[in-house]
Ligand SMILES: O=C(O)C1=C[C@@H](OP(=O)(O)O)[C@@H](O)[C@H](O)C1
Ligand SMILES: C=C(OP(=O)(O)O)C(=O)O
């Protein structure tokens, strides 16, 4: 019987590039934008459209959860007749319902605040790893704001939100040093709380600030009033005024963090990759790749067609704080392992609580291919060494799988375990990857 390539134990022979890549890659929509847009459209007072939404495990879980709470999300074409779209029809949120969060940080953190607005019980459960990911910031804050939640006193999943149809809201202090998504979660539902919400971050550091800016921008785009540290407010305090949200017609940008492996392919093979529709202005952290991968040896040009990224044939190490853009770490570590000088990646201790412990996983897997990576208190030190083939384990982490594929371009005989895990945010990854390489392997 033929091996099933989607079985978690299946090994995918990562294509080895035989030359410089030269490709145009259409990257699907942003996970972070799609899941915020779904939540905001569900909370709006009128229907809205979401064009070119990402359809991946994380976003289908979000759509499924909102549907379970009574929201209409229909397949359709956009108002101008072009492109794929979701029509979102807000409705009175209700339970009882069960939400499967999978291992999606956005679903497990953004939806408990939404559930407090539902009339009825909403039960949250997910993959085993979701039980270990931090959620206490959201649970504790919601209780302070008036919610009733049963979580077996663990401060984690599984849990039940006893939705009362409304929430008082008001001021709350949280420590969001383990995830920026705590702040985003409270802000997204904030306009629908009776008193709005004022979130004060009291922890020592706050990761992924661009993702909080994305939340604020998207809230403002649907008519919410948000005061932020950047708009003259207090440091580490965000305030959302209560009010109705507009239904909008939004086109989702390509996922720039998922563009990373393709840009890395240009860097690693000394080739050229064009990513169409790269936005000229965005809050996505992946936009930082223009600067980071340029420092690592490439060059890029942002034109009306998109981002054209060209490798020089040389890859340099980098010393960089990735605290703002933590989700880029696996891909940068993979490129750094192939560089001509050492790298230090800093500011990402919170990655230990992502899809897997990414610092431990990257260290182990790159070292098992002959690499020299050490974990530091807040990141990785990577000294390039000649690598050899072998199995690259992925720990159900989509970004581990794409990191392994990057290494496989330069190192013959790399096999990725469970490449299907990329479906969390990038369902067609193996086809996009082989399509980029073309029939002659580059
Ligand atoms: O809000 C978001 O969409 C995200 C925020 C970040 O989470 P953390 O702040 O937990 O790292 C990021 O890593 C994640 O991939 C997506
Ligand atoms: C950390 C990530 O995802 P999540 O939204 O599940 O936190 C990620 O996509 O890199």
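Including glycine, each Cβ sits where the backbone N, Cα and C put it.
Marked as active site, proton acceptor by TrEMBL: 327. Residues within less than 8 Å, Cβ to Cβ, of residue 327 (active site, proton acceptor) and separated from it by at least 6 positions along the same chain comprise 208, 257, 285, 354, 399.
Around residue 31 (phosphoenolpyruvate binding site), the same-chain residues six or more apart in sequence whose CB sits under 8 Å from its CB are 54, 56, 58, 59, 106, 255, 257, 258, 425, listed in sequence order. Under DSSP, residue 31 (phosphoenolpyruvate binding site) is assigned to a helix (H, G or I) in the three-state scheme. Residues annotated as phosphoenolpyruvate binding site in TrEMBL: 31, 105, 133, 181, 358, 399, 424.
Residues annotated as 3-phosphoshikimate binding site in TrEMBL: 31, 32, 36, 179, 180, 181, 208, 327, 354.
Residues or ranges marked as domain 'Enolpyruvate transferase' in TrEMBL: 18-431.
Checking the binding-site residues 36, 181, 424 against ligand 1 with a 6 Å cutoff on the Cβ atom leaves 181, in sequence order. All protein chains included, residue 133 (phosphoenolpyruvate binding site) registers 22 other Cβ atoms within 10 Å of its own Cβ. Taking CA atoms as the reference points, residue 105 (phosphoenolpyruvate binding site) and residue 180 (3-phosphoshikimate binding site) are 10 Å apart.
Spanning the listed 3-phosphoshikimate site, residues 31, 32, 36, 179, 180, 181, 208, 327, 354 have a farthest Cα to Cα distance of 19 Å.
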